[in-house]
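Working notes, structure below.
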Amino acid sequence: MQPPTGPGYSPHRPAMAPVSDPSSFSSFSRCTTKHLNLTYHVDFDSHVLKGRVALTVEVLEDKFTSLTLDTKDLKISSVTANGQSAKFSLGDKHRFKGSPLEIMLPFELSRGQHVIVEVAYETSPRAFALQWLTPTQTAGKKHPYLFSQCQATHCRTMVPCQDTPSVKHTYYAQVSVPKELVVVMSALRDGQEVDPQECNRIIYRFRQPVPMPSYLIAIVVGALESREIGPRSRVWSEKEYVDQAAFEFSETESMLKTAESLAGPYVWGQYDVLVLPPSFPYGGMENPCLTFATPTLLVRNTNMVIAHEISHSWTGNLVTNKTWEHFWLNEGHTVYLERMIGRCLESEQFRQFKAMGGWKELQESVNTFGKNNPLTNLVPNLDEVDTDEAFSSVPYEKGFALLYHLEELLGGPEVFMAFVKSYIQLFAYSSVTTEEWKNYLYTYFKDKVDVLKKVDWNGWMHTPGMPPVTPKYDTTMADACISLCQRWVKATEADLSGFCAADVKTLSSHQLIEFMALLLQEEALPLTHVKRMQEVYDLNSIKNSEIRFRWLRVCVRAHLEEAVPMALKMATEQGRMKFTRPLFKNQKWPAL
């Protein structure tokens with residue numbers, strides 16, 4: 001248990017208000033998990049984890065006799081409390097929340113006491129958190145592969161737990177796998193040994209001493225290799241990717257140091273990067289000690305994606321949204337910190353340029369959802385809403401836009417970054433709501449309360465659509481992109497001969513992405529124009545996934561038939577939602 005004077009304790013921290021979580025059944029207002037001890041036997045034949053979890057639970061009320069855990073599709077075989085058999089029952093299955101596991105203790109506890117509840121169980125082959133890959137789905141083609149993705153509410157499919165970001169706990173794990181495979185987790189590696197039950201298997205041990213929410217529990221099993229890329233970092237992947245990955249992520253330590261200079265010490269010890277198989281649905285996932293990364297990053301400038309995941313070590317992992325309705329606290333602050341890292345490593349103009357690109361992504365999300373859709377609120381109501389269905393760039397970019405607006409009102413980037421650092425230090429190791437964040441904002445800027453009172457808080461927080469304020473960003477880096485886009489949009493067929501390879505010679509990869517994004521905001525280009533663009537810029541040969549994704553959308557919108565198989569290939573050969581969803585959903589595909 002974390003001592004009252006330990007990490008994250010502050011006598012000055014505001015009292016945390018009680019809160020409910022519409023995405024969880026667990027009784028976290030009555031008791032809270034302090035530690036998990038996981039034991040797993042990974043069965044690739046049946047695609048299940050056979051396991052036990054011992055939860056150390058602190059009681060928050062007197063006459064405590066029962067608790068509720070989140071589960072989904074778990075097969076529970078037994079439950080004990082402090083070693084004594086405990087009665088349990090699974091409630092009705094909810095459409096996306098799963099089934100509450102009700103546990104009746106064989107004794108009564110008082111506020112402040114602890115109980116160790118142990119559950120023996122097996123996961124389902126359909127567990128949402130677990131992706132089982134056959135050897136043919138891997139780069140090496142010889143061994144199977146397993147990876148997890150628990151965010152936002154999928155940990156309950158692999159661990160019976162209080163699956164809410166309101167609860168933070170440490171964890172230990174012991175994982176038994178076939179001896180030719182390697183295990184890594186979102187924790188520090190703590191040794192390995194031959195499984196005493198089966199000599200052809202190895203048990204890997206892990207410990208995570210920093211309290212974290214359940215959605216950050218992560219496991220990967222595969223034919224993995226690693227390379228050292230810094231004094232506290234390694235890169236992990238199948239051997240086919242590992243050297244390329246080590247090259248791509250070689251700047252990790254300099255980014256970590258830059259982040260520390262902005263946000264304070266890195267508390268997680270190790271910062272490793274794991275490059276997953278192509279089916280991983282995100283660009284990255286900020287699992288502590290082990291950032292997950294898509295292999296689509298290996299053919300592009302990875303800096304800002306890794307800067308984003310590094311930033312989560314403070315905003316998201318150290319200070320966490322209390323429920324998923326406050327997800328913008330994780331992502332808006334992380335985008336803000338990521339762009340401050342970009343400012344330090346590149347320039348203020350670069351930060352402004354990336355912010356402009358983010359505003360366009362926000363416009364696209366709002367257009368996709370509909371400007372009156374309540375899921376475009378910065379703080380949405382998630383009663384009976386599946387968090388997966390609510391996922392978009394809104395919390396990222398609307399959140400950043402609010403923080404940038406406040407930065408401009410309150411004194412500029414240095415002044416506002418000092419607030420963000422103070423917010424991180426005050427709320428470290430805890431989970432917060434928007435109201436708690438806002439109260440601290442008013443406390444920190446107590447001499448500027450008159451400025452804060454003029455902010456349209458309801459317009460920002462609880463109103464759908466685009467923000468009430470449109471930012472004015474420095475367009476220095478964007479001007480070349482805007483100019484080239486307009487040349488193409490306004491060009492007649494007679495003008496097409498005036499385009500040449502030199503047009504894009506001086507554009508960075510970030511500017512090429514912006515050029516394509518601008519084209520996608522315009523009416524579809526004529527087929528003749530797109531054919532000429534390919535002829536002079538040879539965009540089909542670019543492997544950078546961000547550029548290629550946008551270029552193929554430009555082509556499909558223009559009904560360039562030869563682009564259709566390339567777009568389908570990109571949509572099906574990798575599972576990253578950012579690319580796959582728009583390629584399938586937002587295009588009018590030409591008839592084949």
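A Cβ is built for glycine as well, from the same backbone N, Cα and C atoms used for every other residue.
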TrEMBL annotation of region 'Disordered' - which of the ranges 1-21, 568-588 it falls on: 1-21
Residue among recorded positions Q149, Q151, E286, E309, Y396 with Cα closest to the Cα of E331 (Zn(2+) binding site): Y396
Other C-beta atoms that fall within 10 angstroms of the C-beta of Q151 (peptide binding site): 25
Those recorded positions, out of E309, H312, Y396, that come within 10 angstroms of G284 (peptide binding site) at the Cα: E309
Pairwise Cα distance for Q149 (peptide binding site)/Y396 (active site, proton donor) [Å, integer]: 19
C-alpha spacing of Q151 (peptide binding site) relative to H312 (Zn(2+) binding site), in angstrom: 13
Rounded mean pLDDT for the residues that make up the domain 'Peptidase M1 leukotriene A4 hydrolase/aminopeptidase C-terminal' (476-592): 85
